[in-house]
Amino acid sequence: MTTLNLTPDHRPTTLVGTIPPIAEHPRLTVIGTGYLGATHAVSMAVLGYEVLGVDVDAAKIALLASGRVPFYEPGLPEKLREALDTGRLRFTTDFTEAAEWGDVHFICVGTPQAHDSNAADLTYVDRAFATLSSAITRRALIVGKSTVPIGTAARLTELVRASSPVGERVELAWNPEFLREGYAVEDTLHPDRLVFGVQSEWAEAQLRAAFRPILDAGTPLVIADLATAELVKVAANSFLATKISYINAMAEVCEATGADVNILASALAYDSRIGSRFLKPGLGFGGGCLPKDIRAFIHRAEELGVGQAVTFLREVDGINQRRRTRTVDVIREMVGGSLEGVPVAALGAAFKPNSDDIRDAPALDVARMLSAEGAIVTIYDPEAMPNARRAYPELSFAPSLPEAVRGAEVVALLTEWAEFREARPDDLGRLVAHRRIVDGRHALNADEYRARGWEYRALGRPVESRTVELLSDARD
Ligand SMILES: NC(=O)c1ccc[n+]([C@@H]2O[C@H](COP(=O)([O-])OP(=O)(O)OC[C@H]3O[C@@H](n4cnc5c(N)ncnc54)[C@H](O)[C@@H]3O)[C@@H](O)[C@H]2O)c1
């Protein structure tokens, strides 16, 4: 196990000497049972811990307690049932029960972008910490897992001290989470690393006990102060967003010069200093994390007086947004300059395949822009239709891939689900009005489509580009 330790004098010493025995197998609560929290609760129960999942959403809690996952995450329903069958996993909306029962409380509530600025909305986090800490009457550790701006944990430490009936006997730590939707169970059980932001040896020992099986499997552990633990998460997401926008910036240059971004990406990827991960050009990133995390980071850096250090992230965001409008441009170009009355099949709604998450989904942004220009857009997604319909009732949806493409003048691949990648160009070709396809994710075999009479376009590639196999990890 690789352990980076802080020198002891980085830690406050107030609690030394009053350290009670470490629970060998602490009882865990997970506050907030959304994409992150439900996966964490289930995985920890599967690993052998007793876990209590808590949420303010009673309907969500009822579903989870009955063995159903309220969102699409491959593998999670099976693990939920396995965990419930052991009797180690329970769910409740009762904070008092959680406060009395738990040794280590993980806070996994949402931190969306604020409605009126780029800042993170910390209302849910503040409320969860305040409600829980005011109900805890014994020694316990509250661990933030939500992604928060730097300095939040220090502020919450004060809040917890002020609201806790037992004062400093309730301690706070931060344990940022790096799971990817679509691979959430695997990532939780086998993370690349664990990061513990702690203020005492006691807190570190509690967390070590809470992650014992994962640490015993050799997972690297980084021990950090609170601010660094918070920063690790936003720094990682900023780096990944930058890598995606970097190759998409190169795609813009390719479009102006006739160069092919796929050939460029594959040549860059062979450079072991650069690598192929997150170097796939296309429609760019979306979802409930990357976009709002980089915006909140810019906002917080400005508050801290170091805005200049992350000015580049504004460009990263800008490049990413431009990919969406550019996709609409290409579709418009293909149909001769006007989208008015043009039937377009929009394949995908989720922000990425293997998820039903439509938060800041590039696919739906493109569909809405096409629709705003008068196109008759029909959307199909294997899993995200209920969420998309609920969020955008004004858009049209088809129940299947064939129904979505029937009669289309242009097909736009916007989320690279396997169902779309594996569709046969001839089968689709028989249904469309015109064989035109925009591959927003560089996921299709251009040669195969062209051989079947399709006009094929992809961002950053010349009209007559040939298929280039990109070195990539399907999970990115
Ligand atoms: N989804 C991911 O892939 C992922 C990965 C890493 C980190 N994160 C971070 O994890 C956090 C949660 O993200 P998510 O995607 O799971 O969000 P989510 O919206 O799916 O889940 C949040 C849950 O918190 C509940 N909640 C809100 N206020 C509450 C309160 N006071 N007490 C108890 N429950 C409350 C909501 O009802 C909801 O079920 C965010 O900070 C996010 O940035 C998410």
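Every residue, even glycine, has its Cβ placed from backbone N, Cα and C.
Quick caveat, the model's predicted, so the values are computed rather than measured.
Here TrEMBL has ASP55, LYS60, THR111, GLU181, LYS292, ARG359 binding NAD(+), and the candidate from THR147, THR219, THR257 in that same listed site is THR147. With helix defined as DSSP H, G or I and strand as E or B, the domain 'UDP-glucose/GDP-mannose dehydrogenase C-terminal' (345-446) counts 33 helix, 18 strand, 51 coil. Only GLY286, CYS289, from the recorded positions LEU279, GLY286, CYS289, place their Cα within 10 Å of the Cα belonging to ARG359 (NAD(+) binding site). Classification of LYS60 (NAD(+) binding site) by DSSP places it within a helix. When secondary structure is read from DSSP and collapsed to three states, LYS292 (NAD(+) binding site) falls in the helix class.
Only THR111, THR147, CYS289, in sequence order, out of the recorded positions THR111, THR147, PRO281, CYS289 have a CB under 6 Å from ligand 1. For the recorded positions shown (LEU279, CYS289), fewest C-beta neighbours within 10 angstroms: LEU279.
In sequence order, the binding-site residues near GLY286 (substrate binding site) (Cα within 10 Å of its Cα) are LYS292, drawn from ASP55, LYS60, THR111, GLU181, LYS292. Sorted by the number of other CB atoms within 10 A, the binding-site residues LYS60, ARG180, LYS233, LYS292, ARG359 start with ARG180, the lowest.
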